[in-house]
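Chemist: Below are the features I grabbed from TrEMBL:
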{"type": "BINDING", "residues": "ARG22, GLY56, ASP77, SER126", "note": "S-adenosyl-L-methionine binding site"}
{"type": "BINDING", "residues": "GLU127, GLU130, HIS131", "note": "Mg(2+) binding site"}
{"type": "DOMAIN", "residues": "53-154", "note": "domain 'Methyltransferase type 11'"}
Amino acid sequence: MATDWWDKTGPMKALHALNALRVPFIRDGLIARGNIAEDLVGTTNVLKGQKILEVGCGGGILTEQLARLGASMTALDLSDELIEAARKHLSQEANPKLCDLINYRIEPIESHAKDNQNYYDALVVSEVLEHIDDKVGFLQASVQCLKPGGSIFITTLNKTFTMWFSGVVIGEYVIKAAPIGTHHYDKMISPLDVQRILDTMGCSTVLVNGSTYDFWRNSWRWINSTQMCYALQAVKTEI
């Protein structure tokens, strides 16, 4: 899988396409909370000075795009192969500035949290939560790294029959939008359950957007329902 990560027409094409939604969602969410200096809004360097932690970065598809907007990225993953794929692609960019903005690390969030409490301006958990067994422990460690007033951005699959049938049965077994076995119903989670977990950690949800993937055109779009997928922003309470 690692060798196919940056093939935009391969098994990871849906993740590449998702950047069209999740990058603006993160950018606009930070702007709306007043985290971005006014002189940077509307520029190609809008995230300059923002320290962002991405947990479960995979091959760096989202990481690079946020760094291109000026963010200082720390990106964690447990897979040696995927971090190697991310580093290899970054080295091929021939962009020293971009390389300086990204720090890929093979490290669990629980370990990273010990030395980085209240450090990051924003936290990104994109297409990861549906693969985690201990979601409470995972989110607890992640939130510890976030500054008070900082935002956590989550994109994931809802735990509904509609999502399971169309996203897993059809998506993986019929149209091959993702490798078979990528997603499991018992690991999916509803936005309400995510909000409840975050509430116990002092994080207040400020936005939830529903989304869906149109496989026939490899394109994502926002919809007025969270029955399929969703993007959530929550803010850590000020101390």
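Cβ coordinates are placed from backbone N, Cα and C, and glycine is handled just like the others.
Please go over these features one by one and say how buried each is and what sits next to it.
Modeler: Taking all protein chains in view, 25 other C-beta atoms sit within 10 angstroms of the C-beta of SER126 (S-adenosyl-L-methionine binding site).
Around the Cβ of GLU127 (Mg(2+) binding site), the number of neighbouring Cβ atoms within 10 Å comes to 22.
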Chemist: Counting other CB atoms within 10 A of each CB, which of the binding-site residues ASP77, GLU130 comes out lowest?
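Modeler: Taking ASP77, GLU130 as the binding-site residues, the minimal 10 Å Cβ count falls on GLU130.
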Chemist: When you tally the Cβ atoms that lie within 10 Å of each candidate's Cβ, which of the binding-site residues (ARG22, HIS131) has the highest tally?
Modeler: ARG22
Chemist: Compute the C-alpha separation of GLY56 (S-adenosyl-L-methionine binding site) from HIS131 (Mg(2+) binding site), stating it in Å without decimals.
Modeler: 10
Chemist: Does DSSP give GLY56 (S-adenosyl-L-methionine binding site) helix, strand or coil?
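Modeler: For GLY56 (S-adenosyl-L-methionine binding site) - judged by DSSP and reduced to three states - the answer is coil.
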Chemist: What's the CA to CA span in angstrom from ARG22 (S-adenosyl-L-methionine binding site) over to GLU130 (Mg(2+) binding site)?
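Modeler: ARG22 (S-adenosyl-L-methionine binding site) to GLU130 (Mg(2+) binding site), Cα-Cα distance: 16 Å.
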Chemist: Quick one: largest C-alpha distance among ARG22, GLY56, ASP77, SER126, binding S-adenosyl-L-methionine per the record, in angstrom?
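Modeler: Comparing all Cα pairs, the maximum is 19 Å.
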